[in-house]
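Engineer: Take this structure, written in structure tokens, and hold onto it; I'll ask about it next.
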């Protein structure tokens, strides 16, 4: 039996240069286990900033999943993150977090944040 998986999304910005412009389009997504999901964050003018994605699950501290390093044009996974599970990329002023092969434990709040390093 396949279970439906709810992925709740929230978008916050720790003190950053563009915090007033940081907006998330999607507030909630529900997907079946084994499927994929994409979360979009609007970040105008963020092409030279580090883009970070976090997961916050109930009763746990927020966990940084990955970040995009603009000077090397690469995605850096944090320690302990399974390669291929998450990816990020941009289209104009939008940054997307892609989640693959969803499981029940992927439920939580996903945050995008920007830093200048």
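Placed from the backbone N, Cα and C atoms, the Cβ positions cover glycine too.
In case it's useful when we look at the structure, here is the feature table from Swiss-Prot:
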- 1-20: signal peptide (SIGNAL)
- 21-117: domain 'Ig-like' (DOMAIN)
- 41-112: disulfide bond (DISULFID)
- 105: N-linked glycosylation site (CARBOHYD)
Engineer: Counting across all protein chains shown, how many other Cβ atoms sit within 10 Å of the Cβ of the residue listed as 'N-linked glycosylation site'?
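Structural biologist: By my count, 10.
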Engineer: Around residue 112 (disulfide bond), how many other CB atoms lie within 10 A of its CB?
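Structural biologist: Looking across every protein chain shown, the total is 26.
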Engineer: Going by DSSP, is the residue listed as 'N-linked glycosylation site' part of a helix, a strand, or coil?
Structural biologist: helix
Engineer: Residue 105 (N-linked glycosylation site) to residue 112 (disulfide bond): how many Å between their Cα atoms?
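Structural biologist: Distance (Cα to Cα, whole Å): 19 Å.
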Engineer: For residue 112 (disulfide bond), which DSSP three-state class applies?
Structural biologist: strand
Engineer: Enter the number of other CB atoms within 10 angstroms of the CB of residue 41 (disulfide bond).
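Structural biologist: A count of 27.
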Engineer: Does DSSP put residue 41 (disulfide bond) in a helix, in a strand, or in coil?
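Structural biologist: SS state of residue 41 (disulfide bond) = strand.
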